[in-house]
Amino acid sequence: MPRRPLLLATLLSALLAAGPALAQGAPPGMPGTSAIQSEDARLLPVFAPHGMVASQEAKATRIGVDVLKRGGNAVDAAVAVGFALAVTLPRAGNLGGGGFMMVHLAARNETVALDYRETAPAAATTTMFLGPDGTPDPRASTATGKAVGVPGTVRGLAEALERYGSGRFSLAELVAPAERLSREGIVVDDDLADSLPRAAGRLGAWPSSRAVFFNGDRPFGWGERLVQADLAATLRAIQAGGPDAFYRGPVAARLAGAVRAAGGVMTEGDLADYRTVLRRPVRGTYRGYDVVAMPPPSSGGVHLIEILNILEGFDLGASGAGSAAAIHLMAEAMKQAYADRATFLGDPDRITVPVAGLTAKPYAARLRALIDPERARPADAVKAGDPLPFESDQTTHFSVVDRDGNAVSNTYTLNFSYGLGLVAEGTGVLLNNEMDDFSAKPGAQNAYGLVGSEANAVAPGARPLSSMTPTFLFRDGRLALVTGSPGGSRIISTVLQVITGLIDFRLNLAEAVAAPRIHHQWRPDALLVETGLSPDTLALLRARGHRVVVGSASGSANSILVVPGGLAGAADPRQRGTLADGQ
Ligand code: DON
């Protein structure tokens, strides 16, 4: 590997910190992959030449790595990680939610997008989240049984395995580590210990959830053992009967019963009817890289590419990472994209989303011309554009790459941390509150302040609009980066900044994932920044007209980068217990 002598000290300490994987030396590059920093192979905290998993919870990462070591491919490992996180990171890993899995198949050089997003029950109606006076009732869409979308995770993971697994592992084998951890229990630490007390109010409101997560009158705390016996039984049923054991029969009856007892409308029929959808990824380019990301019903890929297209016309790198000049341009581009999101995006099976128009370079050029490099535009002055018609705390993200260059970029969610907070009695399954991602009515904001239109109205069987952005970057047709993040509306800007960090600001992956992030979503008209930017940078942004709000940290961009000789991973340091590891 070419290395700059100046970095020798850093390299040595990285070598010592990274342990045996690095000491083995670098084997030749992986098939079908492309190093993103070819002339500057600065070492990263974790280096694994033969395959890697980066997830938000260390036990789940290790389970995935073990599958890779036993000859599994990236999809086999991802399925094991997906089930494991439902046990070890129950605030976001799930059986009772939904998500998106992007899969890259190296041998076929093909990338697919598996949509296992929740759907609205058949009895859902457009006005179901409006109160008697016609105004939105956020409580109904976040804290009652009406909030629950028909879960897609179990069918999604099972289908991913069936279509793209190596064939060396059965579903039952990949569910086994999750079943064991739920049956034997896990020691509460790291993120679980941090997140349980914060969710105590919402979990404690339901006796069935209290029975799982509480020790007496408080949630289980640091060092105590959390056993999830009902969840273990549900996982055993899936091992024995496949996804149908979840979507039909006694488990389905319990899930639907729990939702209806909490005031919702989901039936066993809705569960039996649940289908995943295989979609064509949305594609763009950025400074020579191909960006391949999740299409609608996620807004993520479309607006990631729209923002990158706008930014491509500016020399961000010359301004420098964290500079007011670069942040200003990024915020102005974000504002425009989120205004478009509010107007155009929804379930593509119900409405026509102008994906091609929104991701076209000429459209971005028109929007770029509206940006003043010196002055922020007030949100009121930013309107949805006129793209060509289609002419033609909580979510979690994990990334996997195997030794053959196959890759998985998976983001899945219950929406809020621990979703609705309701465990369906007798199943151990936490239910989502994803229905809040619909627009209760045109112009209404959801819990993330996102505005929507008729395009994202509630309709029977519809999928609520998402911001989840599992993403791949390719260079010359070869895999270069796997990334994605939780963070609600801030997901798109988080993924954007991992990419600009690497490409424009020449950060290494650890730096790009850790660097303070900014976010603007058009409405509210505020520039959110994490702590870590200098006071003089903030002053310069305020002088340009931004209403700067220093807010909490957001996101968990557990990512894998192709570097010369193998893979480098960075787990997001914003939560305790995240891990990128490999072999
Ligand atoms: O699908 C979406 O866009 C949201 N339900 C994601 C929620 C989320 O990321 C919460 N995590 N921080």
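Cβ coordinates are placed from backbone N, Cα and C, and glycine is handled just like the others.
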Further L-glutamate ligand in TrEMBL, beside Thr413, Leu414, Asn415, Asp437, Ser466, Ser467, Gly488, within candidate set Arg108, Arg117, Arg139: Arg117
For L-glutamate: widest Cα to Cα gap among Arg117, Thr413, Leu414, Asn415, Asp437, Ser466, Ser467, Gly488 in Å: 15
Chain residues in Cβ proximity to the region 'Disordered' (127-147) (below 8 Å; excluding those fewer than six residues from its ends, i.e. six or more beyond): 202, 258-266, 415-416, 420-422, 432-436, 438, 440-441, 444, 446-447, 458
Integer Cα-Cα distance in angstrom, Ser467 (L-glutamate binding site) to Thr395 (active site, nucleophile): 11
Annotated binding-site residues Arg117, Leu414, Asp437, Ser467, filtered by Cβ under 6 Å to ligand 1: Asp437, Ser467
Rounded to the nearest Å - Cα separation of Asp437 (L-glutamate binding site) and Thr395 (active site, nucleophile): 13
Inter-residue C-alpha distance, Ser466 (L-glutamate binding site) and Thr395 (active site, nucleophile) (nearest angstrom): 11
